[in-house]
Structure formats: C-alpha cells, structure tokens
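Heads up: the structure comes next, in structure tokens.
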C-alpha cells in the first residue's frame, strides 16, 4: 500500500495563503520543509475577491512583512492598484488596500517558493496523518506516499468536505470546481477533533468587454505610490481603475421573486455564513428598506477580461444570476463568465488549539487559516506564518513565539480564536482590537521586526536598516522635546499660515506639535533639524508626539493586562477540583485550558469571581498540587 | 486588575463624626499629595505619620475639606502596599466629595472587599483554609447577584440601558465608517457625534440629580413632621436640629436661607421640608382631605408622624395614619413624661410594619432611639445589607460621574477636531462604565465585577 516517501522537519499541507506563509517561514528558519498541495497550479490562489488589505487586514499584511512573511512583498509586485483607506480618520485606522492581479500573484508566489532553500514543493492529496502515541509523525497521501516529519501544519482552507451550491444544484467540490478533500476531514474527526460546518460564497465574474463603464463611477488607485512591505523600493505606477455601480429596483424585485430558488432560504444550506459578508439575497431580505446596494467592478488581472462583481455574492441559480446582472446599470449586456456560488466546508473548532496553533489533541500538529474558522486571505496568512514559525521552533527545540493582543492584530486574531472560538467564519475588524491605537499600520515594523529578527526571519542587513530608522525617530522626538519655540513674529506668521492660534508664551516644539492643526512640516519650518528626516520618520514622529496622551493611556492598560498574562496557569490544571468555581466556568476552563490568568479572564462564561478564585489558588501554591 | 491604586470609603455609614477614605496601591501617596495642601508634601513625610491639611480641587485650587491624612508605606500595612487614609467629616455628602476627588485624580474605585483581597494576595493574611474563603466568596457573590437583579429591573437600569443603546449605536456607526470606509453609510461627523454625546451627557446629568440616591445626596431626605396640634412637632424639629449640627454645604440647589432645615442624623442628611412641613400640616388632612394630603406626603422621602401619649387617639390621628399608608414612616409617641392615655396596642396596629418610638422631647428622652430608627430605615437595617446598599449607591454615583468625565473628554476631542476614532476611545469607555452600573453581562459579565466576592471597604 504505502511507501516511504522521505523525511522532513516540517510538512505543510496546503499552499493557499496560510500554507505558503507557513512553508516559507519554516524553510527560511532552516527547517527542511515539504509543502504538499492538491494542485501546483493554484498556489496562493484567490478564489474570491482579487484584493489584499483593507482596515485591520491591511495592518496584518504589514505585520506579516515585519515578521519576514511574503504576502506584502508579493502583492507589492503584482497589484493593479493601491489605495490608502480612512485617510480622513486617525492614524490607527488608516489602512492600505491593493487590487491584485490574481494570476500574477500566484505565479510570483510559486516562483518565490520554488527558489526558497530548504523548501520542497509537491503535488499530492493528504488523506490521513501518521500518529504515534498521540504525536503527529507525518502524513499519507492518496497515492500512498508516506512522508515523515517532526511537525505537520494543516492549512486545508475550504476544501474539507467542500460542497458547492448554486440554486437547486449542489455537488462535492473545493472552491472553483477543484477537488475537495473528503477523507482527511473524517480522519480528523476520528482523531477526536470537533468540527463545524461553515459556509461562504463568491459572486459571478463577467467579461469586461461587455460592460458599459460609461454609466459607472471610476475608482482609481492613489496617485501617491504605495507599498505594503517596508522593504519595497520599486513601485508600480501603471494602475488600473475599479468601477462602482448600484443595484436597481428591478434587481431587488427579481431577487425577491426568486427567493424560493435560493438554497439559503430553501434550507439546502446547513453551514453558518458570515454576517459581515452576506450574499445579495441576504442583503435584500434583511435590509429591505435600503433602496440600492453598491456593486464594485474589479478587474481580476492585467491579462484577463474577467471582472469580479463585488457585492453580488450569491447562490441563486445560474439563470437568475444572468437576469440579475441585466438589471444593474452598466451590466445590462454583461456576459457571465463564471457563476457565483456558495460553498460549505468543515472547519475545526479553534478552541482546540494552543496559542502556538498547535492542536491540544495531537502534539506536533498545527492548523492555520480557514480550517480554523476564519475567512480572508490576510487572516489565513497571519495564522500561517505563526504556525510555520512555531512548527519550526518546536522542531528546533526553541521557545515558541506568541504575540499578545497589544503587539499585533495577528495576536488579537489568534487569541480570539483559541480563547473565544467562533460561531461564524471569523473576520478581523479594527473594533476587535482593544489597543488599536498601538496596532497601527505605520508602526508594524517597530512592533515586530525585532521578533522577526530574533527567530531568524529578518536578515541582518534589513535589521540594521530598521535599527537605524528606530534610532532616528527617537532622536528627532527628543530634539522636539528640547527645542523651544518662541512667540517671535516669524513664528506667529507661520502659525497663522497653518491656521493655528498665535503663541502666548514659549513652548517646546513637541507641545506645539500636539495641536491638531500643526503638522511635522510646520515644526520643521520653524525649527528644521540639522539632519533632515525623511517622510516616513516625520510621519512616525508626528503620530507619536501628537497622540502621546491617548497612546500613553493605552500603554497603561496594556501594563495592567500584562500582569494578568504573566500569571501562568498549568495547562493540565484540574479545574473540576477547585472549590468555588462556577460550574460553567469549570466546563469552559477545562475546554479552553488557558495558559494564563489573563487568557482565562477572556473565556466567555468565566467571570471575575472565578478569576479571583484562581488568583487565590495561584498565590497559595495550590495549583501545582492540583495538576493531574 | 491587580495592583493599580484603589480607593473606597472604609468607615460604615451612619456612625461617628468622621469618615475615612482609604487608598492602596503604588500611586496612593502621589494621588493623595496631588489633592492635598499642608505644611509638607505628603511625598516627603515619614511613614506611619498623620498630617493635618486641606483637600483641594487641583484644577481650580478650590478647598474642598479639612482633613487629617495618615501615610503608611508598604510593606508594613494592611495590604502590604502604600496606604493612605484620609480622615474627613462624617456624613454622606462630605465623604463622597472626598471619594470623588480621589477618583478623579487617578485612583480606581475598589471592588467590594478588594482591600482584603489584596492583603490576602500579597501574603499579608495567612489563610490556611483557602476553601473556606472560597465558599464565602461564592455565597456572597450569589447574594449580591440578587441585589443586582433587583436593581436591574429598576428605573435607573432602564435609563442607563437606553443611554447605552444610544452610545452603542453611535459607536457602531463610527465602526462601520472605519471598517467599511467605502460602504455608503452616512459618515459619522463631528457635529452628529456632538449631538449624540450632548444628549447622553444631559441624560446622565439628569439621572445623577433625579435618581433616588442622587437626590438624597444632593438635597437630603425630604422629611415631613406631621401630627395634630400640640403633639410636639416643633419640639421634635428643635431637638433634631439641636442634637445634630446643621449641614453647612454649598451643594447646588441649597440656599442659605433654608440651611437651618438641614440636619445630619447619623450620616443621613435630612431636609425638613417646608411644603408638607410644620405649620401647614397642622390641619393638613382636615384642610385638603386624606387623598390629597397623601399626594403631598408622597413627595416626602420620610414622614415622622407624632401622636400624643397623654391623649386618646382621635379621628384626626386615624386619618393621618390612613394618609401615610405605604410610605416610609416613623411613628413617634411623644410626651411619655405625662400620664398614658393613648391605646398603644391600637397605635402599633395602625403603625403596622412602621417603627414606633416613644419619646419625651421635654426631657430629651428617646431621641437616640429616633435617630437610630431613621438611620436604620435609611440603611434598611442589618449591617450586611447596609453595606451592599451603600456600596452600590456609591458605585453608581462614581460610575455616572466617570461616564460624564469620559463624555466630556470625547466632547473635548471633538472640539479639538481630533480624528473620530480617537474620540471614540472615550465613547467606548463611557459605554463600558454605564454597563458596569447595570451589570450588563452581554460583554464579558460585568455583573460580577460590580458585585464581586467581598464587602467593600473592609
């Protein structure tokens, strides 16, 4: 039956956005890594929208970059346009978003993987895991190849028992009619994993040549060159626009008239869909007072006529989809190239994971991406890089890397998943982060480069450049704190020009910069630095000085949070034996098995009274005795 | 969380001429010093010493209270942390002002029993049987939960819930603008935010002034003394005013010319009310009838109904009893120095659940009992419930004021034209604090944070 196909340090199953980051991180850290995928032509494939980034997600991409991940660099090389969103709001919520050329994105990523040392790329369908004494020792493919390893990372996306549904039609399939992975899901259940069934969907694609753009609004990219990676120096200037149109009253009428044919309403779909990304039929039923919905037309690439119809995600029958298109201004004659569909898939309940993304059930087995109940390329990639890092660290017998909620959106994402679980596909939102003023897109490198460097994912040369930048920021802030601005006529003139009130008495440049209308440029005009700083440093200085009050408040909150995080709990604590804990708390704590009092306090159903009781036991040194 | 600076009123209400506000934590001395003016800075004094001085509002420099401040540096303290005890005048009004001042300057209101908890966690108290303590914690939490549930059905809870909803909708609106910048939702502008926040602030202000406890704190319990002519109403008023120093306060709404009518009975401020007061009530029932007089009397928080020990009960007396049915009443049988002519059994029957106290105001007898009765009625008897009632009220006021503080910060941010997501930090905080008042469990069971294991201020 089986044959020995070789030995690796780490095996990554899947080459989607989670898989590629996991494999690259592991290989770059020096672990011999095998990446197995169902199809080598769909590496880093984007089955849904051709875009990367946006609020919260865009910050994850930058965090990935600071940790040595690939998504930022790859999209910088392959986008068709980029925009900075939320520019009218504060620095904490600004976010970059790129429209991808999804084909170039795939090709570029494949090339990068093929050229990475220690990384073997191979096609194959993994059907089961090799388990010895509860420890994962490798994988077995459909063709009987047995690969051995010290750690395995599963990133199966939406392929596990995938089922596509279009109207009355449904069939077993991965995304975009690719092969689903069926046996692996059953195997995971046999191993004792609790699974959930989730659902997501995608809109139709239409032929660009058949769109009447003249009745739509143009959505160009920013004129200022943008990039996700802190390392990118070559910018793409030749950008393609997107287009905006709206549904019409006829669209709504048509959908209402065909609801009986929608699998969402006929009961055919059992999976839980995401609230934040509803299908068009959902939008029209739930928000029936909204007269029209936005439809963005997004090119799928430079060398294709396919256009993604964002906002029209649907599982209505194909004939209805065609009719819907004809009711939308600009799409009256649009030719449907691929129909939209809903897809159901199995995911594992993520509270079964440690903060390292290693499963509690099976040592040496890590999971990442949509398999863990998330949605979105960026969420997948963020988990992927962490799973890859921790798999490699485990193989190398090193301390794991866990990011906390104040360090990264990736930390928020993973902590939410493993502590609270999720009952719908999880999407990152800025409001999920309690310290979002600290988790800005502009300071992701300041937050994480050090960590990336320590684990060996950031090369020395890059680290030196980063250290220099950090030093310059520090020096410039110090300078502004010591330079005094006097109420001279010249200064008052400059202030008047900046629409700021005149100075009554001297103040430091830093104090002046705290005024909302005063930018770093105004300060530089009054008191230029002897060694002028570049834009990036100027921006950083301005943000850190201007919002110092708010930032300090959040830092104080972080300090308090850390104290609770530093109170460690044994993983095998027998909560059932602790008197005084509420029954619900006992059950939840036994399920989640938090590693710190801080994490325990975030478990739903555990209240402060229970936390106090845990603290008392901790102080009494009784916890050790209760460990099973 | 652990180890920030906590504070609470640590003396029971309704006793003694002084009250103590205690602080514990690494910033205890610094916070106390920032609101204190005395011979020396509190940062420079020796540990375990006591200092006379004044508390001031640091922003305005306005003097708030004369105090004695004890400085005790850790670890030789109850909690093993730095501890400051501010001794101030007793009574709800003054001690709450001190508490508020401390809260506004960096301390956090202690959870019930948190001082004890810290002492325990810092190893100050050696409790060999942790399990027993745990049982105690659990039992008390459950009892406190019942109180919380009762309050949740209250009017305060409804109002707060409504305001939270307004804030939540506002926050959600801001969030949709941030997370979905291209979505065609109306942009939450500064002027729109301003409007919502001003509304919430006004409503919170209203709650602060009209919620029962807020009313008591600002104005005192409105108290009517009623009875037939010549039963001793004036003597009772004089005795109360005489025994208890009048509250001298500049609390909003009180004016100099009515100040004599304010008395402080064992920490309970009473306002001897004019409307249903002494002169007009002589023949109130006769004059306007039982139903109407009931309406008038209903506006009082407390009614002192005086009858004559020396005379049989008259129809007039019976009418008065009828008029006060269901209200908070203390029955005073005065003139025990004279022959008993009154049918005490009938008095007790008429009084029902209300306390009956016998006095001889002429000989200054029984006033103690009356004061005790007033205090008990206010604190609803029993030391246990007294604590809880007091705690939750004190918390409510502190939390409502913190809400206003954060709304003011948010409004200030709007004024400064700060980005909406910065402004929202304070709006969210205000929303969370309002949630603590009603113990909203929707977001991470705050109910237990509010009513946790131990009793406050131990």
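Any Cβ shown, glycine's included, is placed from N, Cα and C.
In TrEMBL this protein carries:
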type    : residues                                                : note
BINDING : A:14, A:15, A:16, A:17, A:18, A:19, A:126, A:181, A:370 : FAD binding site
BINDING : A:273-287                                               : NAD(+) binding site
Secondary structure of residue A:283 (NAD(+) binding site) (DSSP, helix/strand/coil): helix
Nearest to residue A:126 (FAD binding site) in three-dimensional space, by Cα, is which of the binding-site residues A:279, A:281, A:285, A:287? A:279
Cα of residue A:287 (NAD(+) binding site) to Cα of residue A:16 (FAD binding site): how many Å, rounded? 34
Cα-Cα distance linking residue A:370 (FAD binding site) and residue A:285 (NAD(+) binding site), given in Å to the nearest integer: 27
Per-residue Cβ crowding (10 Å cut-off), top of binding-site residues A:279, A:370: A:370
Cβ-Cβ under 8 Å from residue A:16 (FAD binding site), same chain, 6 or more residues apart: which ones? A:44, A:45, A:155, A:157, A:369, A:370, A:380
Of A:18, A:126, A:285 (the binding-site residues), the residue whose Cβ has the fewest other Cβ atoms within 10 Å: A:285
Between residue A:281 (NAD(+) binding site) and residue A:18 (FAD binding site), the C-alpha gap once rounded to whole angstrom: 30
Rounded to a whole number, how many Å is the Cα of residue A:18 (FAD binding site) away from the Cα of residue A:283 (NAD(+) binding site)? 30
Cβ-based isolation winner (fewest other Cβ atoms within 10 Å) among the binding-site residues A:14, A:281, A:283, A:287: A:287
Give the maximum pairwise CA distance in Å, whole number, for the residues A:14, A:15, A:16, A:17, A:18, A:19, A:126, A:181, A:370 listed as binding FAD. 18
Secondary structure of residue A:16 (FAD binding site) (DSSP, helix/strand/coil): coil
